[in-house]
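Chemist: Structure incoming, see below.
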Ligand SMILES: NC(=O)CC[C@H](N)C(=O)O
């Protein structure tokens with residue numbers, strides 16, 4: 001085992017923010033350079049699910065949990081076939097991972113997948129900086145001969161911004177596939193893959209739903225070719241303002257009145273389909289410990305989030321939209337950001353957060369049951 005696979009690499013690495021702030025550490029994972037949007041995640045657990053969430057495409061993720069990699073890497077927890085984060089920033093990597101499911105170290109896995117990371121960073125100071133200044137572009141450079149600071153800052157400033165990025169097609173499946181219902185099949189759902197996490201079709205399959213996962217570029221005809229009882233729009237990376245094709249497709253689904261459910265990017269697309277705007281949050285919500293209130297029941301749930309954009313809809317009034325009345329169903333209790341939308345005259349709703357909850361908590365699992373109820377209601 002080399003020193004680097006034990007999380008104790010001596011190869012120098014530098015993290016360079018676009019505003020010129022620099023943090024020095026050691027290489028973690030692959031050695032090289034990478035660029036993306038610096039964002040922080042407050043999850044204390046579930047690093048494999050975070051790394052493999054396609055919504056993190058082009059983002060460099062800073063972990064606020066100080067000790068990362070303790071349970072190694074297993075073959076069960078990934079949310080997709082590969083790591084999607086553009087880079088990974090940790091404070092203190094586990095030197096000796098320990099878990100009965102662990103197959104390899106996180107350092108080895110990052111290196112094997114070519115993901116450039118950095119360790120030994122004061123992630124609390126970095127997170128406070130991002131919280132005050134907002135998410136921004138970042139570069140990680142590692143190796144024994146690094147460019148001078150001015151060159152690195154200039155390179156970071158040339159990297160693409162997240163605003164205006166159209167990324168779903170880069171992460172979504174190219175071919176349709178089916179996730180069979182577990183047990184008796186009760187419903188068929190067409191799931192439009194904008195960057196879907198593996199747990200989402202699984203949560204539907206557990207409820208007797210056969211899920212036809214379709215590429216982001218699928219047409220309305222392809223959606224209806226599977227004779228769906230419901231249509232689902234997934235999470236995904238990038239700026240929802242660019243998602244014109246999914247918005248048009250969703251409007252066609254709303255027009256027909258097919259039960260509809262959206263998660264995260266899917267919520268932003270419902271917002272746009274109804275005529276609301278979307279905007280970039282200063283630093284977003286990422287982690288598995290975010291408080292949300294379901295305003296339809298008053299209940300508060302602790303939920304998994306990963307979003308940098310949000311829907312701009314009025315919190316305290318019912319809106320008239322081209323598809324009837326709509327209201328904000330869920331709100332984040334930290335900052336009053338819109339976390340869910342529902343239509344009052346059509347069987348359609350969405351949430352900005354992650355009821356599939358990989359990795360947990362499971363407070364929001366009832367939303368999949370709500371989707372099932374809408375499909376049952378349509379049959380009755
Ligand atoms: N997880 C998601 O679907 C994220 C949606 C969108 N890319 C955002 O950052 O807000």
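Count begins at 1; order follows the chain as displayed.
Heads up, the Cβ atoms here are built off N, Cα and C, so glycines get one too.
Unlike curated entries, TrEMBL annotations are predicted automatically.
Quantities reported herein were computed from a predicted structural model and do not represent experimental measurements.
So TrEMBL lists these for the protein:
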- 1-187: region 'CPSase' (REGION)
- 11-141: domain 'Carbamoyl-phosphate synthase small subunit N-terminal' (DOMAIN)
- 55, 236, 238, 265, 268, 306, 308, 309: L-glutamine binding site (BINDING)
- 264: active site, nucleophile (ACT_SITE)
- 354: active site (ACT_SITE)
- 356: active site (ACT_SITE)
Chemist: Please list, in sequence order, those recorded positions from 55, 238, 354 with the Cβ less than 6 Å from ligand 1.
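Modeler: Once distances to ligand 1 are taken from each Cβ, 55, 238 fall under 6 Å.
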Chemist: Radius 10 Å, atoms counted are CB only; among the binding-site residues 236, 238, which position scores highest?
Modeler: 236
Chemist: In three-state terms from DSSP, label residue 309 (L-glutamine binding site) for me.
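Modeler: Once the DSSP labels are grouped into three classes, residue 309 (L-glutamine binding site) ends up as strand.
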Chemist: If I restrict to non-local contacts, at least six residues apart, and a C-beta distance under 8 angstroms, what lies near residue 306 (L-glutamine binding site) in its own chain?
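Modeler: 41, 50, 53, 55, 56, 235, 264, 284, 285, 286, 354 - these are the non-local Cβ neighbours of residue 306 (L-glutamine binding site), listed in sequence order.
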Chemist: How many neighbouring Cβ atoms, not counting its own, are there within 10 Å of the Cβ of residue 268 (L-glutamine binding site)?
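Modeler: By my count, 32.
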Chemist: Helix, strand or coil by DSSP: which one applies to residue 268 (L-glutamine binding site)?
Modeler: helix
Chemist: Give me the CA-CA distance between residue 308 (L-glutamine binding site) and residue 356 (active site), in Å, as a whole number.
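Modeler: Rounded to the nearest whole number, the Cα-Cα distance is 19 Å.
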Chemist: Hey, how far is residue 309 (L-glutamine binding site) from residue 356 (active site), Cα to Cα, in Å?
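Modeler: Between the alpha carbons of residue 309 (L-glutamine binding site) and residue 356 (active site) there are 19 Å.
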Chemist: 265, 309: which of these binding-site residues has the sparsest Cβ neighbourhood within 10 Å?
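Modeler: Each of the binding-site residues 265, 309 was scored; lowest Cβ tally within 10 Å is 309.
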Chemist: Consider each pair of residues in 55, 236, 238, 265, 268, 306, 308, 309, all listed by the record as binding L-glutamine, and report the largest Cα separation in Å as a whole number.
Modeler: 13
